[in-house]
């Protein structure tokens, strides 16, 4: 930086080496003026020039030195522009003030012809003495000093005065404007030039008080009543009517959806045969052990311990059923006089009857007749058949049991869904629950509001809902794959994916064979597997 001393920024003599501070300089030295300088034009010119210089060299100066110089200039400027402070400074410096030289007026050519005394003075009453003006009293006339600079407002601003030194008087009738005012003309003087003519002040007009408008409180009251009415309608709609409200957010914005009352819920038609909603107690559990389609449950009906988080297995009405124990389970021994038929004893007619029954079961699975599939899962096929037919019957029985078990889990999970719940199948495939009634689930999707029965649910949404009733494991994987392969809503691609997932399982649920079930489903839909 080029400027490091006050003597380089201000026209003062260098005293930095003598330990003098900035307060040792008087106002005349700061601006480079002669002691007692009274020329206001010269003072104003010096002030403006020094301010412009400080602004120009600010970036090249030491910040602390520049700040000291600016404060010194500001203080000195106030002293020189204020006549009382300037007089005090002159007295402190021992400078004598010279009396102002009266200005000579124009010579009156008729002054010698006029009488010296007033001829009417003896007739007129004596006039009271007039108060002397500051000029007549011998005080020094004050000159206005207006400094125009580009410094911030209020930094180096002096009070506005009239040419004779008195403050500017404002007309009381004129309204004041924010931050600005117009000076009145200079006060006229008498012919003698001694006494000023005092202008007459007119009294201000009384302010008319306007009546406050009542429109504002009225509008505010109406607005408050409207808000209360809206809140009351929403409360009645949510708690005292059958409708529901769901607010969902998507890429298109926020959507507020409502569900109509039961009388307005559209009836779902063209449902697959056997897709009626059944009680939750009819959900079939996973098979606890292999069951012989021919011999039935002759070895007893001892169930395995139930799974804690899966739908409770039931055979019939589970609400009144007593848990089986070793004391109340009747184990029926196999009759000695009724030996189990063997394949060699099955006649051709019996084999054909068994084959016809197996074909009927395959047709039921292919048409997704859930009521018939549930009956097959509950009952045994008690007809004579060959060993190969027994194996096929056992596989078909397991397919019916696991698929109806998975569908029952979906049926039980739908009533437990909360309105407004976000079901994210994938990152870009989301469903928001709007309502559920009579087995119909209404959701808000990207395409708008849609209603589905249990058998019309998209495959991804069905898997998402069923997952609430299962723990991750082999049983969930097998049930999900079988349901996807046999569901009427599934496409050809979804069926093949379900069969492939079933075939790739490293282990099978207890009492089942996933490889045999995959081959059986593939033979039902696509013919015999290669």
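From the backbone N, Cα and C atoms, a Cβ is placed for every residue, glycine too.
It is 118-168, from the ranges 16-66, 67-117, 118-168, that TrEMBL records as region 'Disordered'. The stretch that TrEMBL tags with coiled coil, taken from the ranges 204-231, 232-259, 344-371, is 344-371.
Mean pLDDT for the coiled coil (344-371) in this predicted model: 85.
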